[in-house]
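Undergrad: In case it's useful when we look at the structure, here is the feature table from TrEMBL:
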- Glu332: active site, proton donor (ACT_SITE)
- 22-154: domain 'Beta-hexosaminidase bacterial type N-terminal' (DOMAIN)
- 157-501: domain 'Glycoside hydrolase family 20 catalytic' (DOMAIN)
Amino acid sequence: MKKLIFILSIWTISFGIFAQNQYNIIPVPQKLEAQIGVFTVNDKTVIVGNAAWGDVAELLNTQLNTLNGWNKKVVADSKKLVKGSIQFVQDGSIPEEGYKLDVSTKQVVISAKTAKGAFYGVQTLLQLLPTDVFKDGKVEGVKWSIPCCKIEDAPRYSYRGLHLDVGRHFSPVSFIKKYIDLIALHKFNTFHWHLTEDQGWRIEIKKYPKLTEIGSVRKETLVGKYGSGKYDGKPYGGFYTQEEVKEVIAYAKKKYVTIVPEIEMPGHAQAALAAYPELGCNQDKIYQVHTTWGVSNDVFCPREETFTFLENVLTEVIDLFPSQYIHIGGDECPKDQWKTSRFCQDLMKKEGLKDEHELQSYFIRRIDKFITSKGRKMIGWDEILEGGLSPNATVMSWRGEEGGILAAKQNHDVIMTPGSHLYLDHYQADPKTEPLAIGGFLTLEKVYSYEPAPKELTAEQKKFILGLQANVWTEYMQTTNQIEYMVFPRACAVSEVAWSPSSSRNFGDFTNRLKTHIERLGNLKVNYAKSFLAEKK
Ligand code: TNX
């Protein structure tokens, strides 16, 4: 008897270790029960789709076909379970974005309530397969085995975002698509596309062609650190046509990623003013697209013409983007020009506004009213709290969590994006050995330690924290290679904070899983940073 117990316990321990090495899923699922055995995918394996989720089954099928040179078709749905298949099953009891995955030696069943949940089930399934599944093109000699398990999974937060600033440095459509793939792989559901900046306007607006003709090009390229860098004398630019924007939105839709577009106002507007100087407070001034980093003093003037312009721009943006949220910026708006403008001072008197913060609030409220009238929701950076928060606003808290806490206490929805934990433009390791970055110091471990539900809030107030987002400002990211380096693997840590239950947070376990995950990233040709490997030693 003793002998049997001994054998059994040795077996359990070794299975435990073995199991750990097999299930390297990021973000870690809510519940995973390891089982013995494997299911092997081969040319006989049928994928049984669910009629309503055709695209999801197709994504998996296409990938397996490409890797193996197969020419298989997804089989239409079946009322019964089909032995030997990978089958999609609808189950109304599962949460919106959740899924169940049941892998036995006989069959793989992905159950979900929605197509989106089924899509996340596929993301997990892909991570259970050998990492070669993330390669592009045919691979030889891989046994496609999936370790048996039962998984029940659903996200902790409903808003899980990754942002990209294309204003400072422009990223081509091909990269935006790759970025969206990576967003989806990590079960993020939102891509915040920061489209306008002092240093460049990047989206075509049909009514105002000069925004891109003039506003998307800066005279020179700054190379090196702001303040001591050099200009190379070459113009720098780029923008997305509306056709390209539509193509990106359609692409994102297939990956269940919502794109939140951002049009900055009233600050970060110098490129727009270079195109249409009449929108500034000093209408005789000749503006240029900003060539240095940092915040420009040239901001939109709150004249009627400016509101007409912004409403026209937003109308085109709303027509393009199906997203519920429209981001209007609102951050870092220097008030110097409003202080010296006769027009602004008169307007403040007329509207009974006591200072320039209230004038900014007046500005944002008007825009909020417009966006709300279009059936959408306005979201802005936490400066929109200053001078009084507009009634329908959602707040992105970036200067720490204070703004988010304040907004939640006023019953406004909040997305947490504090610079202290979620700014992926900060150094991730010793600046002496890292490529030039904007500053800050944010290790993988610190990102992973982030807890988005501040203690200052009651349980009721915490419900206003819809989720979190990591931001990627590109002043010092001149190439897409450098963006990848700064974003990965730190975004992997963000994904786990956003998706997985806080009770499963364990940095050691995460970095163990990450060893396999970076193989996936490598196969996807992502230039991830390796500094965290040194950090671990
Ligand atoms: C602050 S975060 C900004 C950006 C900069 C970033 C650099 C925010 C709303 N505004 O314009 O790029 O810092 O870390």
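In case you wondered, yes, glycine gets a Cβ from its N, Cα and C as well.
Those TrEMBL annotations? Automatic predictions, nothing curated.
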Undergrad: May I ask which residues of the same chain, at least 6 positions away in sequence, place their Cβ under 8 angstroms from the Cβ of Glu332 (active site, proton donor)?
TA: Gly267, His268, Val295, Trp381, Glu383
Undergrad: Averaging the per-residue pLDDT over the domain 'Glycoside hydrolase family 20 catalytic' (157-501), what integer do you get?
TA: 97
Undergrad: Kindly assign Glu332 (active site, proton donor) to one of the three DSSP-derived states: helix, strand or coil.
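TA: Glu332 (active site, proton donor) sits in coil per DSSP, no helix or strand.
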Undergrad: When DSSP states are grouped into helix, strand and coil, how many residues of the domain 'Beta-hexosaminidase bacterial type N-terminal' (22-154) land in each?
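TA: DSSP classes over the domain 'Beta-hexosaminidase bacterial type N-terminal' (22-154) add up to 37 helix, 41 strand, 55 coil.
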